[in-house]
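> Okay, here's the structure, questions in a sec.
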Amino acid sequence: MAVAEDAEQEVAQQNKKPPTEDEKRRKKIVPGSLMKALIRPGGGDSRPSDGDQVIYHCTIRTLDGVVVESTRSENGGRGTPIRHVLGKSKMIVGLLEGIPTMLKGEVAMFKMKPQVHYGEDDCPVSVVNEFPKDDELHFEIEMIDFFKAKVVSDDLGVVKKVINEGQGWESPREPYEVKAWISAKTGDGKLILSHMEGEPYFFTFGKSEVPKGLEMGIGTMARGEKAVVYVTSQYLTQSPLIPVIESFEEVHFEVELVHFIQVRDMLGDGRLIKRRIRDGKGDFPMDCPLHDSLLRVHYKGMLLDEERSVFYDTRVDNNDQPLEFSSGEGLVPEGFEMCVRLMLPGEIALVTCPPDYAYDKFPRPANVPEGAHVQWEIELLGFEMPKDWTGLNFKSIMDDAEKIRLTGNRLFKEGKFELAKAKYEKVLREFNHVNPQDDDEGKEFVNARNLLHLNVAACQLKLGECRKSIETCNKVLDANPAHVKALYRRGMAYMAAGDFEEARGDFKMMMKVDKLSEADATAALLKLKQKEQEVEKKARKQFKGLFDKKPGEIAIAGSEEREDNDTGENPNNFDKEDSDENNSEESREAEAEADQMGWFSRIWPTGGRLFSALGLQRCSIL
């Protein structure tokens, strides 16, 4: 029993949090060093605690009644009470201990020895040299108010008090459009601004149209919330709301966030902007069609010319029938789809789109000129998520996976490699939850998964991600080192990356494990030889004259233009990689393009080793 108790005590000691700095400082308080006398009782039962902002007046006197310092104007102060956040603000240890004992409205006198006020060793609060910090002093404190505070800035320059909670979780941010009722007072209560009648104040978030501290506070508010935002002088920047910033120590802004319009800079450069005109139903972004879905929208397309010419309207040009399309398949312009994915059902948004995300890379309507900036007014009527595989039998799952893969193949052949890769990777993620029930299902599943990995590798190769393509091929080859298609794909990736020896090894291994692949491997080796000769030729040009200059002369290397690297893969041959047919077409292509062996290596056999030492054999672009 004693052993158990000892174990519990040991665990309790381990779980005990180390004391905070404030708790360590409180230990300096000894009997007689801090005494409290009640001058006027307060009201209520609650007292301030950590996390509360306390607002109080403070007058410091010597024991014979001479005022040393005060916040009150009648005692020579500015009239602005002190604001501190308990547990956050730097305070003298006497008030750190004394203030949590007070009620709202209470006035008390604290008699403090030097070690519990500014005379404390390593006191975190500094005072002027003339301050009698070595004397015993009286601190008269009036507790005006205290409440739970939202600390907006770490230095406590912006603090928020919530009066009425708002709705939802979303808060405005750059470049949202905001409407709010706003009034402002100085710290001593003088009204300096009131925008509480007529129309709410309108501003664009992030455009310096309100003081910085006020904007930071509003950025923490929900729609309909009412709050007081306390802003100190360092956050009182000039703005159209308050054009002249006088010598205010701080300003208290009373704010009611009436409404804000979600405006999104989709690319971060101001070119593709989505502006919400009408709110949709649901919570953002949980109820948005973020994943590939079947979408139904009405839209009106306009040119950004003086007339705002309408070039298409589904309600007019499509007999009021909405457009239906599957996202993730490149069926609408990229900018259009990016914005619809961030819409809620029932939402109407106005999208301003640059040409490269509109119709420059998409079939262009006849009445849209080349290079045109466009605007779409889009209404998301609804969407259907793809069916969940939960509860489906193995055959249904594999049929659905094959449909998605074939969609990826179509996108690949259209040159939409990112979209194709996303389709393949989606199926691979879902495959993590598929459990074949017998050997036949297991074999079919493994073959399908391997094929998807090789599809992903082909996309990565087209996107110039050679190393990722090699890693993806390794997922197949780690389990089956004799997988011919994976060897071929990895060999092509090695060749594109400039790893010629590794590529040669993969192509030779193809011939060793499968005689039927000899034609493909031979064509690939010819292509590899051509690549090596190109690198060799460029190296000769780059280092021409480097070794035949006289002593003291400098040869300039690297003056030749760089050329793009060819992956050696043709999108039109992609389906050949997915079938059991060989790669005879690529073999013929490589054979036709291959050149004879260069003379350079014959007349200078050690040259290859030199360039290898320089790292040139691994450079695909020189």
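Each residue, glycine too, has its Cβ placed from N, Cα and C.
As annotated by TrEMBL, region 'Disordered' applies to 1-31, 554-596. Positions annotated as domain 'PPIase FKBP-type' by TrEMBL: 51-147, 175-261, 292-384. The annotation repeat 'TPR' is assigned in TrEMBL to 484-517.
How buried are these features, and what lies next to them?
Secondary structure of the domain 'PPIase FKBP-type' (175-261) per DSSP, as helix, strand and coil residue counts: 10 helix, 39 strand, 38 coil.
In the predicted model, residues of the domain 'PPIase FKBP-type' (292-384) average a pLDDT of 95.
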> In the domain 'PPIase FKBP-type' (51-147), how many residues does DSSP call helix, how many strand, and how many coil?
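Residue counts in helix, strand and coil order: 15 helix, 37 strand, 45 coil.
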> Going by DSSP, how much of the repeat 'TPR' (484-517) is helix, how much is strand and how much is coil, in residues?
31 helix, 0 strand, 3 coil
